[in-house]
């Protein structure tokens, strides 16, 4: 019996706290996705190939739904197909409620709320620290990256079809950094973060601007990778990855031998318990904006702030924490969700709730590193 199925069966009828219960096992149609029923909330895994039937069934049957997808194409396609239907049903479909992208999306909101003035731009820098056992990630994440990058053309077509309303740049335009640069703040090299954070934060900021008439925040995300030697190795591996992902045979090689092509970072077995125990993450946010009374349309930003989100191992410890607390928040803070149901990003859905307070109590901690300074 598959391990995931056995664990679900062992948990039938067991309370998880917070009004959440594991009910009888269920197979969703013929798609082969096993799900946990969370008392009016469905949480599920696997998206590009199996996600849509779950979303469609939730909308049809009036069940709220959250996921931990880090795949922009899936997230935005669900918005295109089901936002209006979910609104009619009063159902909330909230994507990317794991490490992708609760820390990033909610971190920008936390930074905004802590700045006394108008926040107009944020840069974030992710650092993952590992213990003597090192760290690795299950190859499911690797496969999502392979198929996602291979399908970039369809993502661009999808966004044209959605016809997103343009969001204005308020204040000084945030300058894009290069593909590889030396970060003086951390004294190590950094590269753009290839996760879903930027696309999800943009969706949240578009919602705040179009629906709530709030000032949108520009956002860029990066990851710190260490020394120049580490950067050169990563660039070589990245070049090979981008070359192979363009071809069918290359994608087969990448998905068949993830450990080889990722230098051991992605494996079919996933991390050991010792690896998870020794791994943690920190995301540092550098925000800038305009002090109270200062017009963001005139002059340069005159106030800065630095905040931080830190937590345990991202994929298998922090992600379940974020996912469960998002589900609890959806159930218990329903009065503070958007007035209508629909397909939302975490920031758009949870901006007025107590999600950050719940995360702080569970080990994913939000804090101000340096107070706003003019």
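From the backbone N, Cα and C atoms, a Cβ is placed for every residue, glycine too.
Quantities reported herein were computed from a predicted structural model and do not represent experimental measurements.
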Among 196-220, 221-245, 246-270, TrEMBL marks as transmembrane the stretch 221-245
Its residues classified by DSSP, the domain 'Saccharopine dehydrogenase NADP binding' (41-94) shows 29 helix, 11 strand, 14 coil
The mean pLDDT across the domain 'Saccharopine dehydrogenase NADP binding' (41-94) is 88
